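My questions all concern the structure below.
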Amino acid sequence: TLVPRHLLSEHHHIEADERLQQIKKFMTDFDKNKVQTTKYTVLSFLPKNLFEQFHRFANCYFVFIVLLNFVPQVGAIQPFVSMAPVIVILFIQAVKDLFEDYGRYKSDVEINSAECFVLKSSDDKYHKMKWSDLQVGDIVRVVCNSVIPADILLLHSSDPDGICFIETSNLDGESNLKQRMVVPKHWGDVNNHEFYPKEFKSIIECQTPNNEIYKFHGNMIPANGGEKISVNNSNLLLRGCVIRNTDYVEGIVLYAGHETKAMLNNNGPRYKRSKLERRMNTDVIYCVVLLLVMCLIGSVGNGIWASNMSNIEQAELFIPNEENGEALNPALSGFYMFWTMVILLQVLIPISLYVSMEIVKWGQVHMINSDIDLYHKETDTPIRCRALNITEDLGQIQYVFSDKTGTLTENKMIFRRCTIGGVDYPHAANGESPITFLLPNAGPVSCGLFASTQSTEKHFLDGMILFAEVIAALKETDVTPDPVLYEKLISTPYSTFACNEAIWDFFINLAICNTVVISNDSDDSVTASTTPDPYSVSTSIIPSLQSPIFTSKNGMRHEIIQHQQLPSTCPPFILLITLFPFQQISTPGAETYKPLFPNGNHAIPVNGNTNNSANIGAHFNEDGTGFYATISSFTFKYGKLVKLLNATFLNKFLNWHFQRRNVPKLNQLSKIRYEAESPDEAALVYAAHAYGCVLAHRSSHGGKESVTITLPDGGGKLEFEVLHKLPFDSTRKRMSVIVRDPRNGQITLYCKGADSAILSALRRDQQDDSNNSTDIINRTKQYLDKYGRVGLRTLCISKRVLTEAEYSEWEQLHRAAERDLENRDQMMINSFVRMEDNLELLGATGIEDRLQDGVPETIEALRQAGIQVWVVTGDKRETATNIGRSCRLIHQNDEVIELITETPEALSELLDTTISSQDNKRGKLPEIQHQTTLDFVLGTGNRDQPDTLVKEIADKFVLLARRCRSVLCCRATPLQKGMVLKLIKDKLHVMTLAIGDGANDVSMIQVADIGVGLSGQEGMQAVMSSDYALAQFRFLKKLLLVHGHWNYARLASMVLYFFYKNAAFVFLIFWFQILCGFSGGNMIEQSYLLIFNLIFTSVPPLVNGVLDKDIDAATLLKKPELYMQGIKDELYLQRTFWINMLDALYQSLIIFFFLYVIYLDTEVGLIEWGTVVTTAAVFVILIHLGIETKTWTWIHWVCQIGSVLVFFAYSLIYNIVCATCLPPSNPYFVMERVIQTGQFWFSILLVTAVALFPR
């Protein structure tokens, strides 16, 4: 609860109102608007960062080793020297964390220092103030193109209609504009548009801070004690959004700082543990066990030597006596030696492996982000890796769960068909018909405009080919009206049409039952003063032609329209013309068109979308000559390029012609553009637009919203008062708008939604002429099934006429639900459902959503790779099945098993029957059957079915589903998508990937091991929740089959190599213990021991982890079955781990004992011999990696040779400069002497060859 802060300064109000005194106390506890996203401060960085780093077992282990070195009885290495590796690792990690946090600090300073205008109660004026000083209850003003500093309740807008537009891309990635409305004015002069902040003294009740950016509700209590006024998300401006197309807005701060919804959604980077990393942790435990065994052997061996000192001559050289000269107790000596061995053999636990993996994964992410094949040029969208630590999981995916709409399809909706009153209107010319002119006694001139200088001649060019193709991009907004439907629509004069006529209500529903934002070409919002009337008629424009002449083969001359410099709003056209020797007009995929209006009374209207080329259809008959024109996309297959067409001339010519026919002008229509939150809404609004029912204006006056549509053929305007909007949600699967019809003053609810949601809510009428008659409903269902079978997305359109009493009763209950702060969501849904009943069916629509490029090939490749592909969609079964066949999810010869039931019991029985049938056909085999597809409908007719599925019949479902090659789940809600994935993941213990493009896919994406979001038409919510963001589904093929395979192979090899090289080096020290009485002695110089893995052999495996390619990309794409290597985890098994450990054991034996024999009778000292052993180990371990390397680049050569040179350079310099740095060893001039002997080089070559011979 809060009040305006200027009210708190009015002490007489505070003292007189006890509630205001309590509110003032509460408001002192509210956060200021300062944000701090940094993890550390100057004082807390060191302790806090170390505390976080010591959460890793490996770091704690090595600190323990360092502490052991300070114990004199067990110390094996100089204590301060032993700290070096740990300090280096901790330092590198700390520097990384510091840079990351410093970036956050700079961002915080920049944000907190930003300025906004805040009302000061002292002078009642707005003053600049830093964001960080803003407080809850402040009145702020935000100007156009400025970022909103806090969560603000909108009190006033410069727009006289009380609306403003915001861009939420900073919050959810969506760039389309969203409309917000001021709260109903209840203070001061309600009829005065001006806003005087000090007059606003209402008390505001709202939710506690939460992270639901799409949900908000609260109440405003007027100062005069009137009835509570409900406020919701449409009145809230969220921090981080940007004001667009509105001069300024004013509002009161509700949430500030870390309590804003944007900050509550700031969860930091995503972190997941990969499958390989989990396996690696198991192997680290094996190494710990192996270390303990070796230490135990050393302890026992030392005890044996200590107890037999009198019998072993060399014992006293290695087993020291007590300080008083007495023999050391064997048990105590063995105990000390156990811890000494832990220090000596500490390298067996790869401390640098964790940091190395982070570096390699960073490099792999860079390689993926840099792949030009994963870049979508059309939308300028590259791939984005948002999770940096699961790159190798891309190579082990077993199940892919995909959404359909926008993921497999383009989500660019094209209005294809509709049915009204049980009659189907196919719209055969939609998106297919070329520009066609029917000339006297001549065939049509397809796809072009031309004027013949011999137009009076009665013959045409035989064999002359010229084509015209409109190259401007076509979108889902192109609609060519169905001629029969358009004729029927305008056949009744507007002055006399009946208000209950289904055809008019159908298009009115399409036009107003939505949440689209109306804009113009310059991205300025259309306001009351700027809204163009797309159907006004101005002065006739007759084009003047001064065109060059084109001469055909037979000498016939044609005027070709000349290309000029095109304005930015006019797309260029390519003129290509073809004459055919027909007498009829033909359009691809459509029946023959004949003159529709022989008397020339009507014309088919033009779709006025500016985002694409105009769709134009027209017909007139003059002096007995037929004329038909339509513009759309036409594929250029053959013909001859003539010249670029001047789009300005095209507009002039068509406007001149259409004005004669009373059809809207192109340049007027082009001023209106719609921005919708979903492509479905845009397609329906543009469809209504194409038929002349144009959504032209939205406004809000005094808390009352209205929407204006213009009517076709100069029919004027209709302004509907919007009483309520019932937004779409996944539970109801529909949205509605309640309006007062200006035609008769009736209150009407217009509703659109899924067929399952609408048909079940229809009013049952017995009259045969009713829109809800059994015959019309059955025919509509048939058409819906027909639309679904050809892959169209279907929506049912309906309405309900309310009496004043019905509406008044419902409104009271609805207002009570709005004011409830505890159970508001459920009460609102119940209120919506109560209103959306007894509906009258108007018709249905079929919208095409084409498959994306490369989807069938991608699914087929994933299948060949051994990956199971599931499609989980909310669409109806017929639509999903058709798309499934189109994308090769379902093959022609597949057996399709359908699970469609009304009750859980029936589902259980059907599963039993189906499983038994499959057992009889194929035997009781758990393996995948390659000729079976499961078509499963979720939640049909029973809301409780999903829970029942998980709890009671999950095992049966999984048993059947795992045997099918494909599974197609239809009618799935967003929650059910995640539940299905989780069911398979938990029951089968498989690696899963989910891919989707919308908010309804977020649940599925978050549950999967890897979530992939597509940057599609439904906003960026899926991307914001994903691990990887792609532009197209087809990119998944290379991401998994190539990068996934490479990353898995690289990391698996690198991890095994780290275990191998550490073990090989440690075994060398262990073998020496046999010769030194398990005394903890060491022949390797201490500095080598500490930096061998940190410097000498660290860089080459990192390069391999980023750049190595066992198979080239072309082969991996050509043979997807190679991906099975990752699915079966063939490269990193327990078997491969132990094979590498045995390899390390073998090589250490060869290195140690061969060199022991070679130098047995020489005068080489212990450190000198240890230097030879170390050199041999460096050569063997690096060449071992070279043998494992599949692809050599110059970087590989530089790192391999460079590592050897670094080793020799360090040894030569260190032996001279720091010979006595680490007593008791003294390596002075050791390497200099050794490399001058032939025995050294011979032994290195021999040992390397023998050690690597098995490889």
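The first residue you see is number 1, and the count goes up from there.
Using the three backbone atoms N, Cα and C, a Cβ is placed for every residue, glycine included.
Annotations for this protein, taken from TrEMBL, read as follows:
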- 27-82: domain 'P-type ATPase N-terminal' (DOMAIN)
- 77-95: transmembrane segment (TRANSMEM)
- 284-305: transmembrane segment (TRANSMEM)
- 336-357: transmembrane segment (TRANSMEM)
- ASP403: active site, 4-aspartylphosphate intermediate (ACT_SITE)
- ASP403, THR405, ASP997, ASP1001: Mg(2+) binding site (BINDING)
- 1023-1255: domain 'P-type ATPase C-terminal' (DOMAIN)
- 1055-1075: transmembrane segment (TRANSMEM)
- 1087-1107: transmembrane segment (TRANSMEM)
- 1137-1160: transmembrane segment (TRANSMEM)
- 1166-1187: transmembrane segment (TRANSMEM)
- 1194-1214: transmembrane segment (TRANSMEM)
- 1234-1253: transmembrane segment (TRANSMEM)
With a Cβ cut-off under 8 Å, give me the same-chain residues at least six positions beyond the ends of the transmembrane segment (1137-1160) that come close to it.
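Distal contacts: 283, 286, 290, 1056-1057, 1059-1061, 1063-1065, 1067-1068, 1071-1072, 1075, 1169, 1172-1173, 1176-1177, 1180, 1184, 1239, 1243, 1246-1247, 1250-1252, 1254-1255.
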Find the member of 336-357, 1055-1075, 1087-1107, 1194-1214 that has more C-beta pairs under 8 Å to the transmembrane segment (284-305) than any other listed stretch.
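Most contacts with the transmembrane segment (284-305): 336-357.
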Answer with yes or no whether the transmembrane segment (1055-1075) touches the transmembrane segment (77-95) by the criterion of at least three Cβ pairs under 8 A, sequence separation 6 or more.
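Since fewer than 3 Cβ pairs under 8 Å link them, the transmembrane segment (77-95) and the transmembrane segment (1055-1075) do not come into contact.
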Return the residue, from the listed recorded positions ASP403, ASP997, ASP1001, with the maximum count of other C-beta atoms within 10 angstroms of its C-beta.
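Counting Cβ neighbours within 10 Å, the top one is ASP1001.
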So, by DSSP, how many helix, strand and coil residues make up the domain 'P-type ATPase N-terminal' (27-82)?
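Per DSSP, the residues of the domain 'P-type ATPase N-terminal' (27-82) fall into 27 helix, 1 strand, 28 coil.
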Does the transmembrane segment (1087-1107) reach the transmembrane segment (1234-1253), going by 3 or more CB pairs under 8 Å (6 or more apart in sequence)?
no
Only counting partners 6 or more residues apart, tell me which same-chain residues put their Cβ under 8 Å from the Cβ of THR405 (Mg(2+) binding site).
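For THR405 (Mg(2+) binding site), the qualifying residues are ASN411, ARG793, ASP849, THR873, GLY874, ASP875, ASP997, GLY998.
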Expressed to the nearest Å, what is the distance separating the residue listed as 'active site, 4-aspartylphosphate intermediate' and ASP1001 (Mg(2+) binding site) at their Cα atoms?
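Distance (Cα to Cα, whole Å): 7 Å.
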For the domain 'P-type ATPase N-terminal' (27-82), provide the mean pLDDT of the predicted model.
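Looking only at the domain 'P-type ATPase N-terminal' (27-82), pLDDT averages out to 78.
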